[in-house]
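Worksheet: the structure to be examined is printed underneath.
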Amino acid sequence: MNASIIDPLQGDFPEVIEEYLEHGCMKCIAFNRRGTLLAAGCNDGSCVIWDFETRGIAKILHDDECSSPITSICWSKYGHRILVSAADKSLILWDVMSGKKITRIVLQQTPLQARLHPGSSTPYLCLACPLSCAPMIVDLNTGNTTLLKVSVSETSNGPIPPSRNKSSDGITSFTPTAACFNKYGTLVYLGNSKGEILVIDYKNGEVRAIVPITGGSVVKNIVFSRNGQYLLTNSNDRVIRIYENLLPLKDEVRTLDELNENCGDLNNSEKLKAIGSKCLILFREFQDTITKVHWKAPCFSGDGEWVVGGSACKGEHKIYIWDRAGHLVKILEGPKEALIDLAWHPVHPFVVSVSLNGFVYIWAKDYTENWSAFAPDFKELEENEEYVEREDEFDLIPDTEKVKGPDVNEDEEVDIVSVEKDATFSDSDMSQEELCFLPATPTRDPLEQQDKCAESSSKLLDSNNTGSPSEEAGPNGLMMNHASSLLEEDAGRVKRKRKPSEKVLELQAEKVKKSSKSSKLAKPKSKSLVDQDNGNSFHGDGISDE
């Protein structure tokens with residue numbers, strides 16, 4: 001890590017926690033392509049979609065067949081579909097607008113990550129990275145799966161079995177492998193446990209190139225920048241590496257064929273490495289040389305100018321931000337909760353992080369108020385200055401304006417209808433309508449909560465009818481029913497905040513019964529005292545105080 005820290009005012013990146021979102025226990029997050037919607041996978045198997053502009057819930061997706069934690073979540077290119085992977089080994093594809101489940105596929109292994117094909121508006125292929133086997137291409141229409149190669153033999157052209165590591169107890173276990181599509185989904189880039197990046201043509205399963213990583217450590221994360229020009233890897237040696245993509249963005253396969261023809265004399269492994277040297281080149285390395293931090297969920301900013309990574313230390317919620325030149329520009333410190341997922345807004349300088357407790361924190365830039373921005377000619381003064389007015393300053397038409405010629409053609413028509421194309425979304429298909437916003441529909445309180453409220457109200461009413469209510473004199477001499485007012489207050493509180501527990505209801509009932517008993521004993525005593533004052537020496541109804 002570079003010791004010099006750049007002035008944070010020079011960059012447009014988040015600095016403070018602006019707000020936090022809460023809904024159940026959230027585990028993973030993903031923005032849609034425009035950054036208008038934020039989807040979060042929860043611990044109960046549901047998926048909640050937030051309107052990021054209003055910070056309100058737009059839709060909740062829940063499947064009765066899935067109650068396991070969501071491990072990853074992914075939007076389709078134009079936002080019409082969402083793919084989630086769950087701990088019960090399932091992949092669920094949702095239609096976002098209708099909120100209906102399109103399909104559900106159960107794999108042999110738990111998918112840690114699943115990504116839809118980025119080249120289609122309605123994708124039916126996805127790339128899944130399971131816990132205990134090689135990454136696979138899954139056909140969501142048929143449920144067919146195709147395993148990808150995770151390594152290449154040094155002597156032959158055939159694949160070797162998936163990499164295995166021996167744990168301390170001697171049991172052999174698979175090493176999870178990271179993989180991702182490139183920008184248009186023509187190739188799959190796979191990081192294996194041998195410290196290599198494999199470039200794979202997933203249509204025929206052929207490995208087209210190999211890029212060795214310095215140190216040869218297990219690759220935990222691999223992700224492309226939004227523009228497809230840079231590739232990021234996160235390895236077990238606690239180093240984040242940035243590679244520059246040397247292949248053309250739309251002719252990768254044809255370029256790889258040409259490179260393969262030019263390296264015909266080498267054996268298979270050497271040829272693939274020679275091709276790989278012309279596909280990716282190491283651009284930067286990021287690490288904390290002092291504390292040797294493991295990194296969690298590293299990614300690029302929307303424009304690719306910044307690299308962000310979360311600390312994987314327990315009890316820490318730290319986010320490190322570097323510029324692409326390799327300088328550390330900011331360390332964001334959050335609450336004392338471990339960080340489990342991270343996402344940068346596609347357009348604006350927002351970072352969204354997920355804590356181990358299931359909260360989503362929104363980090364934004366700390367803007368200071370500048371009143372001079374409201375008037376372009378306004379100038380702030382640090383101290384009093386003597387001002388000398390111009391001779392024509394208060395003329396209706398100053399001489400300075402008379403000299404100036406008209407800069408604007410008043411007869412020219414101004415186009416206020418057409419929208420300029422945003423360079424960030426230059427690859428958009430204009431014929432495809434993109435889903436940017438969801439109409440928020442109000443939801444009723446759960447029936448269970450309503451039944452509990454009605455039941456608690458009836459219990460309190462029955463307890464009030466069995467005995468005389470405790471009555472107190474009001475400020476105007478009127479009798480007030482304390483129990484009924486307590487009931488109204490409690491019922492309103494339950495409806496707004498939370499339903500009471502059984503213990504609370506029992507304590508309330510006991511309190512009403514005790515007050516009714518005390519009122520029974522108090523009434524005859526007051527009556528006998530009144531009768532004594534009237535000269536009658538008897539106690540009402542034959543009840544004595546003894």
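Heads up, the Cβ atoms here are built off N, Cα and C, so glycines get one too.
TrEMBL lists 26-60 (among others) with the feature repeat 'WD'. Secondary structure by DSSP for the repeat 'WD' (26-60): 0 helix, 22 strand, 13 coil.
Positions annotated as repeat 'WD' by TrEMBL: 67-104 (among others). Here the repeat 'WD' (67-104) is broken down by DSSP into helix, strand and coil counts: 0 helix, 23 strand, 15 coil.
Annotation comment: TrEMBL describes 441-546 as region 'Disordered'.
TrEMBL lists 445-454 (among others) with the feature compositional bias 'Basic and acidic residues'.
Feature annotation from TrEMBL assigns compositional bias 'Polar residues' to 455-469.
According to TrEMBL, the compositional bias 'Basic and acidic residues' annotation covers 501-513 (among others).
The compositional bias 'Basic residues' annotation in TrEMBL covers 514-526.
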Close approaches to the repeat 'WD' (26-60) from elsewhere in its chain (Cβ under 8 angstroms; 6 or more beyond its ends): 19, 66-75, 77-79, 82, 84, 86, 88, 94, 96, 99, 302, 340-341, 343, 345-348, 350, 352, 354, 358-360, 362, 425, 434-441, 443
Spatial neighbours of the repeat 'WD' (67-104) far in sequence, C-beta under 8 Å, 6+ residues away: 27-34, 37, 39-47, 49, 59-61, 110-116, 118-123, 126, 128, 138, 140-141, 429, 432-436, 438
